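Have a look at the structure below, then the notes.
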Amino acid sequence: MHGGQGPQLLLLLLAICLGAQSINQEERLLADLMRNYNPHLRPAEHDSDIVNVSLKLTLTNLISLNEREEALTTNVWIEMQWCDYRLRWDPQDYEGLWILRVPSTMVWRPDIVLENKSQTYSTSEINLQLSQEDGQAIEWIFIDPEAFTENGEWAIRHRPAKMLLDPVAPADEAGHQKVVFYLLIQRKPLFYVINIIAPCVLISSVAILIYFLPAKAGGQKCTVAINVLLAQTVFLFLVAKKVPETSQAVPLISKYLTFLTVVTILIVVNSVVVLNVSLRSPHTHSMTRGVRKVFLRLLPQLLRMHVRPLAPAAVQDARLQLQNGSSSGWPITTREEGGLYLPRSELLFRQRHRNGLMQAALEKLESGPQMRQTLELCGNLKQASPAIQACVEACNLMARARRQQSHFDSGNEEWFLVGRVLDRVCFLAMLSLFVCGTAGIFLMAHYNRVPDLPFPGDPRPYLPLPD
């Protein structure tokens, strides 16, 4: 057992010696390279030489997009490659050491700042270019599928990269050349559809349903419409807090909420107008023949509405005469008008007196014609004729009063029917406006997509070639 520990100890010491020797070779190489190295000098053997710097951007996470501040937050890695002639060595001199990793602060680095673009000093000192892979320039933002985390709100549609030269900036100044990395993203609409668009559509549908209330229920209609308007205003404020304060473009969701607000205001106006028409009467407004023809004949037929038949023209003319206080029947006298306002006991007494005279006259007629009886009959009829005339006149007066009340009710009903027809017309108009406007804005959102190619007129997809 003691004999077996000897070879193991020798192997361990040999491994430690080899490791120490390897570490010593890296230290020696690093010391040799950094002996006369100045990290502030550009790695160019001659002043006229240009350093080629290759850039590659790797996206690992699309964190968020602050629309109000118009700021995109991402997590990226920038890979820069260049050749520094001062960091050359012969691997044979360092026992086959090919790779040496050193801190970035110890070597020269190109002064490149990543903001909305990559830029450096000038084309006379540094030449920017895209990295090469398998003989092809990497004209896109590289995404590592193992390290990339997909964003739940935004989807990346295009990620091209371009090498651009600014013709305005001089060649010896910063900003003349730049490598631009583009990210064309599209919003995933499910969150806004469920939390904003669907509630707004349902609430606006409630505003359309108020037309199923009676035409005279204008107060209830206005109450429902104003409540819907307040709810839409709350949604509009929520959206306004997220969108940027700019006048260059208006988001579609803001356009849709504004459209719904306008529709709701029009519904309130319609309810007020319909209520005003429905509560009119013949005493306050006279209906013209054109209004009667359009709203009581033509529109009900077109809208398939069931309305009562109109009174003939003679009755319509009689209604105008009755409103003026005259008719084609018996004239209304002061006596019979006063008889209508007598107490009930006095009316009963007069009725009994008239009935007694009439009964006596009829009994004498049935007993047969005699001279004496004929004279008495004539006298009785002479006494009864004023009572009969007064009774007939009273009946005519009551009939005329009843007819006038009937015509007044008929006029109120006609205005109510006009309100119903107007309410139905407004319902169809608002329903058509709501459906067409909603469909139009949704179609605008459907066709407002990221184009198939990142740059119009450029057929290149700026993506790696398929295997």
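The backbone N, Cα and C atoms fix where each Cβ goes, and this holds for glycine too.
According to TrEMBL, the features are:
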SIGNAL    1-22  signal peptide
DOMAIN    26-119  domain 'Neurotransmitter-gated ion-channel ligand-binding'
TRANSMEM  190-212  transmembrane segment
DOMAIN    196-442  domain 'Neurotransmitter-gated ion-channel transmembrane'
TRANSMEM  224-244  transmembrane segment
TRANSMEM  256-279  transmembrane segment
TRANSMEM  425-447  transmembrane segment
Averaged pLDDT score, the domain 'Neurotransmitter-gated ion-channel ligand-binding' (26-119):
84
Could you put numbers on the helix, strand and coil content of the domain 'Neurotransmitter-gated ion-channel ligand-binding' (26-119), residue by residue per DSSP?
18 helix, 31 strand, 45 coil
Beyond the flanks of the transmembrane segment (190-212) by at least 6 residues, Cβ under 8 Å:
153, 220-221, 224-225, 228-229, 231-232, 235, 238-239, 253, 256-257, 260, 263-264, 267, 271, 423-424, 426-427, 430-431, 434, 438
What residues elsewhere in the chain lie close to the transmembrane segment (224-244), defined as a C-beta under 8 angstroms and at least 6 residues from its ends?
67-70, 196, 199-200, 203-204, 206-207, 210, 251, 253-254, 257-258, 260-261, 264-265, 267-268, 271
